[in-house]
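Colleague: Please see the structure below; I have some questions.
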Amino acid sequence: MSLVGRQMSRSHSTAHHHRQYSDNFLDASKWLQSSSQDFGYGSKMNRSMQSNPSTPPVCSRSSSLRHAGDGQVSPGLLDLHSFDTELLPEMQVGSRYEGYSFDQRSSRGRSFDDSEPNLLAGKVGSRSAKGLPENSLLKSFSASVDKERANNVAKIKVVVRKRPLNRKEKTKKEDDIITIEPNSDALTVHETKLKVDLTEYMEKHEFVFDAVLDEGVSNDEVYAETVQPIVPLIFQRTKATCFAYGQTGSGKTYTMQPLPIKASQDILRLMIHTYRNQGFQLFVSFFEIYGGKLFDLLNDRKKLCMREDGKQQVCIVGLQEYRVFDVETIRELIERGNATRSTGTTGANEESSRSHAILQLVIKRSADGSESKPARVVGKLSFIDLAGSERGADTTDNDKQTRMEGAEINKSLLALKECIRALDSDQGHIPFRGSKLTEVLRDSFVGNSRTVMISCISPSSGSCEHTLNTLRYADRYEDCAK
Ligand SMILES: Nc1ncnc2c1ncn2[C@@H]1O[C@H](COP(=O)(O)OP(=O)(O)OP(=O)(O)O)[C@@H](O)[C@H]1O
């Protein structure tokens, strides 16, 4: 679909940025074969810190912390990608389908609910009662539902979230310069400028995105708008990335932190209900990229190294990956990782992040769904809390360390932008090697992928320049979403 019109001037002082819609969809209509194995998640739901080491059979790097019985944290070492990043061959439709309705609009603001009526199963039941062969009916029905669902989720989605004015900004009597039309996906930045004779005038910058969320929107609603529609797709060989972009203190961490918890809740529900007994396994890993180097946030910031195998798959050697069965464990792992994450102090945010933190939820399954065979990656959901975008401009700071951090952050944010632009324009060459960040994300941008960018903005007049930069960065992504 073509761009509707961009940078349209209004009264010589308004820049208008229009949205374009994403219709570059991929077919993800493959269903996974059922198996008779039951992992008994229910019985494990109440244990604290239930996680298993993920140690592929060929990998002998298990640490002394390996699983020692019920209820113990038991990390194993893993080459995240070296043995298992190859996608499973296409599999047949399962013999039973207990689907939920994943309608994006109706689900806004809430999570999947186990108590919801099983609409799809109900429809199937009534049709098969009329004498149609149940298995073939289920196959075609679930495949078409699946395809429709995949097609309804844009390949690239850009969402803007405005946070409320904080206490400091209110004390300084800073104005809220962002207006958002009710029930619209448009926002306006009101920038105060000076004429040559030093009289003030207002310049309006209008932007339109896939969704614009104002300061009253809850984290649940953010989830419903961004990640929730993607969750079912990762059972269908999709690799998805959700990242937050914005200046320090704009709300990236506030926005990103709840998302993996909510996503894993839904993933586990799908595993327990829709994909019951089909052998899916959920794994969590959490690492950061700081100064161009990788550190494992679930293993005392152990330095990791990245390699590429013969099939150009990226391997993060030594990254610990935990098999998880319940949300509480994931929550504890995330808290542990966050506590380990590199933070520094800036004027805008005491806990400013100078690293990119990457949390991955990986769904695996062995070819026949049994636990005796090595599980391979089916789909992956990566959550990236990017370093503050303005840190990229920290190149004039007195501190050499800060300058170097700024240069590295700048490089990776530019590389990220370039990669998405190149992917979109179908260029043969994707500049993944531009930064560690894009190298790590390589497999999440190719093939059957989904990308959600959440641009976080501060409403205060003092942040106007950064806010405009963030929105322009996001607007370039909009260029890609066609
Ligand atoms: N939508 C929001 N509603 C209420 N408070 C918010 C919101 N967004 C952010 N905040 C608050 O603003 C402060 C800064 O947010 P946060 O740490 O998420 O910023 P950040 O963009 O991650 O910064 P940095 O890049 O420095 O890590 C926090 O105290 C957070 O609780």
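The count begins at 1 with the first shown residue.
Using N, Cα and C of the backbone, Cβ positions are placed for all residues, glycine too.
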Colleague: Looking at the candidate ranges 102-130, 160-188, report the one that TrEMBL labels region 'Disordered'.
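Modeller: The range carrying the region 'Disordered' annotation in TrEMBL is 102-130.
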Colleague: Check the binding-site residues Gln247, Thr248, Gly251, Thr253 for any whose Cβ is under 6 angstroms from an atom of ligand 1, and report them in sequence order.
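Modeller: Cβ under 6 Å from ligand 1: Thr248, Gly251, Thr253.
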Colleague: Highest Cβ count within 10 Å among the binding-site residues Gly246, Gly249, Gly251: which residue is it?
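Modeller: Result for the most crowded candidate: Gly246.
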Colleague: State which of the following binding-site residues has the fewest other Cβ atoms within 10 Å around its Cβ: Gln247, Thr253.
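Modeller: With the binding-site residues Gln247, Thr253, fewest surrounding Cβ atoms within 10 Å: Thr253.
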Colleague: For Gly249 (ATP binding site), which of the three DSSP-derived states applies: helix, strand, or coil?
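Modeller: Going by the DSSP assignment, Gly249 (ATP binding site) belongs to neither helix nor strand, so it counts as coil.
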